[in-house]
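Enquirer: Sharing a structure with you now.
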Amino acid sequence: MQTSDTRALPLLCARSVYKQYSGVNVLKGIDFTLHQGEVHALLGGNGAGKSTLMKIIAGITPADSGTLEIGGNNYARLTPVHAHQLGIYLVPQEPLLFPSLSIKENILFGMAKKQLSMQKMKNLLAALGCQFDLHSLAGSLDVADRQMVEILRGLMRDSRILILDEPTASLTPAETERLFTRLQELLATGVGIVFISHKLPEIRQIADRISVMRDGTIALSGKTSELSTDDIIQAITPVVREKSLSASQKLWLELPGNRPQHAAGTPVLTLENLTGEGFRNVSMTLNAGEILGLAGLVGAGRTELAETLYGLRTLRGFIARFQLTAPYVRSMP
């Protein structure tokens, strides 16, 4: 995180950006700024406009109106090639590496010959503390290291503006810490990072500034240290008058009051030797008034278990739900 308030001109300044799809206003005059050595976190619910704004900055989608100021020059629209030339690189949530190619081949893929510099690559690896075997296959890397290879692809192209889309979504806490350590080293070189995430604790740890998008607008923006968690949550999910709610929104508001109440410690869900696709012999009990955390690496079976409990997948074993008027029991051989 940047600790000094003395900054050069912004790396990126988006002004009054508008975008419409089929008559629906997706972006409504967005202003967004990124400085050197800064992490600017971008939050918002699904459909808030985050992805559209980043696609416009990366040259994937044109804006209907507005300007992007980069390096002191104004642009009405960019192409992906032009964005790369201006030093903008989008790192997707799922790294787009070729698993059967080496790490070196992945980093250099698609680069012009004049940009191919092994010494530059080695310098970047050393600066970021990466100890890759450049000749090993990219498919052998864990998710955190794949993210770093994607970032290195951008840095080899002299990118100064990195857009990280949910970079920790598939990472364990240890992998997240390793990624953050390398990002801090990267920030010291003057790179600016747009960090898209829904994880507030991580955002508070890594971000200098936070902007919250809602319904195509910037609902809240400021220094991380000056924004409370309540402010951020309220900006993401504001209280609105009932008359402006849709029927489905009203239903969701009514549901909590209609749920049966149980004394704390009363079992509301019990699993006994539950087996399904991606998991086996899972036994656990969820009690009223508690939050039961389910942790594991990517592919450990967490999603499959949740989908089985919801009824989307077949199961073998025993499930008992006690929260209904009468206990509900379901078992399969």
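Yeah, the Cβs are placed from backbone N, Cα and C, and that goes for glycine too.
Sequence annotations record features per position, and here Swiss-Prot assigns domain 'ABC transporter' to 12-240 based on sequence analysis. Look at Swiss-Prot and you will find GLY44, GLY45, ASN46, GLY47, ALA48, GLY49, LYS50, SER51 tagged as ATP binding site, backed by sequence analysis.
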Enquirer: Taking 10 A as the limit, how many CB atoms besides its own sit near the CB of LYS50 (ATP binding site)?
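Expert: A 10 Å sphere around the Cβ of LYS50 (ATP binding site) contains 21 other Cβ atoms.
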Enquirer: Using an 8 Å cut-off from the Cβ centroid of GLY44, GLY45, ASN46, GLY47, ALA48, GLY49, LYS50, SER51, can you name the remaining same-chain residues around the ATP site, in sequence order?
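Expert: Same chain, not in GLY44, GLY45, ASN46, GLY47, ALA48, GLY49, LYS50, SER51, Cβ within 8 Å: MET213, ARG214.
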Enquirer: Any idea what the model's mean pLDDT is for the domain 'ABC transporter' (12-240)?
Expert: 89
Enquirer: I'd like to know which of the binding-site residues GLY45, GLY47, GLY49 has the most other Cβ atoms within 10 Å of its Cβ.
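Expert: Most Cβ neighbours within 10 Å: GLY49.
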Enquirer: What does DSSP say about GLY44 (ATP binding site): helix, strand or coil?
Expert: strand
Enquirer: Mind checking which of ASN46, SER51 has the fewest other CB atoms within 10 A of its CB? They're the binding-site residues.
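Expert: Per-residue Cβ counts within 10 Å for the binding-site residues ASN46, SER51 bottom out at ASN46.
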Enquirer: I want to check the contact list for ALA48 (ATP binding site): same chain, sequence separation of six or more, C-beta distance under 8 angstroms. What comes out?
Expert: MET213, ARG214, ASP215, GLY216
Enquirer: Reduce the DSSP letter at GLY49 (ATP binding site) to three states and note it down.
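Expert: SS state of GLY49 (ATP binding site) = coil.
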